[in-house]
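Colleague: For reference, TrEMBL lists these features for the protein:
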- 208-239: region 'Disordered' (REGION)
- 215-227: compositional bias 'Basic residues' (COMPBIAS)
- 228-238: compositional bias 'Basic and acidic residues' (COMPBIAS)
- 239-252: domain 'CCHC-type' (DOMAIN)
Amino acid sequence: MATARFDMEKFTGKNDFGLWRIKMRAILIQQGLADAIKTDAELKNREAGDERSIAKRQEIMEKAHSAIILSLGDRVLREVSKETSAASIWAKLEGIYMTKSLANRLYMKQKVYSYKFVEGRGVVEQLEEFNKSLDDLENIDVQIEDEDKAIMLLNALPKSYEHLKDAMLFGRENTISFDEVQSALKAKEFQRSNCKFTDASAESLSLSADDKAPSKKKGSKKPKWQKGKKDDPRETRSCHWCKKPGHLKKDCYAFKRKQAEENKAQDTADLTEHIVEAEILNVTENQTLNSWIMDSGCSFHMTSNKGWLMNLEKSEGSVLLGNDHICHVEAVGSVRLRMHDGSMKILSDVRYIPDIKRNLISLGLLERKGVHLCFC
């Protein structure tokens with residue numbers, strides 16, 4: 001069977017040794033050469049074997065030595081050029097680039113504990129830097145508890161993430177995990193990026209519409225229906241709804257009257273079926289008690305409408321809001337949602353909190369349950 005080939009970046013001393021070490025070990029295992037980098041203590045229990053076994057082991061050692069040599073840059077290769085075995089090269093590289101001295105250990109700890117996110121830089125990029133520092137500590141056998149990692153990451157966030165930090169610290173029932181903080185942080189960044197994209201698209205559309213508006217030529221005469229009116233570029237266009245000139249669809253009284261009738265009929269049907277209409281809004285839009293808001297900062301789903309909840313069970317707990325107001329959880333249940341495409345969804349683990357003024361859907365909780373979020 002043909003051996004699979006893997007292209008790997010050479011270790012030059014400037015790139016990440018921890019990642020290179022993981023990849024190199026994986027390649028040696030895939031090629032059946034992993035024994036070559038084990039120490040004598042790890043191999044001491046192996047039987048001597050016959051001449052064929054000895055020759056086979058020697059071949060493995062030579063192949064592994066060759067594979068490691070070919071995966072090093074020139075500068076690093078000079079540092080290990082006198083080593084004659086794969087195990088000795090491996091040990092020397094770890095000694096140089098993974099030193100466990102007190103000074104290096106304290107430096108790496110200080111780097112992690114003092115890390116701060118920079119406002120304006122990409123969150124994902126800075127998360128990678130933070131995780132790399134944690135990996136470097138683990139590579140020199142310094143273990144940090146998962147909850148401590150989560151607290152360190154929250155403390156590294158800039159002031160614009162204060163609400164997210166408070167929600168994660170004071171809105172938890174038992175404990176907080178590093179993965180949960182990362183998930184909430186990425187969801188918040190995605191929401192911010194989506195809002196910027198939406199604003200830019202709206203501005204571009206507005207500029208495009210202005211460019212396409214017909215210009216008023218000198219000496220042109222107004223139609224009879226325009227006489228006596230002020231110069232207004234909107235009056236040169238017609239309504240797409242009623243086809244009458246002089247106004248747009250958004251200002252059309254006939255269209256607004258039709259919309260009001262449809263909304264009234266829809267509200268009546270929803271009350272009869274006792275189903276909540278899922279109207280997902282951005283936090284910058286008008287929010288009512290009948291709207292659901294996607295929130296990357298809240299720890300779980302919550303509503304103040306007890307009538308929406310099914311399978312209601314009593315519960316205890318509290319939630320710290322962004323204004324530092326504490327609200328108490330009274331029950332937990334599920335809400336049946338009708339999406340815009342007509343499909344039905346069940347939103348579980350929804351907290352009933354009478355004192356809140358908004359119905360919130362937690363983006364972080366959805367991601368932890370395997371829901372793929374896509375904002376269009």
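From the backbone N, Cα and C atoms, a Cβ is placed for every residue, glycine too.
TrEMBL labels come from automatic prediction, so no person has curated them.
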Colleague: In the domain 'CCHC-type' (239-252), how many residues does DSSP put in helix, strand and coil?
Modeller: 3 helix, 1 strand, 10 coil
Colleague: Pop the mean pLDDT for the domain 'CCHC-type' (239-252) in here, whole number is fine.
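Modeller: On average, pLDDT over the domain 'CCHC-type' (239-252) sits at 79.
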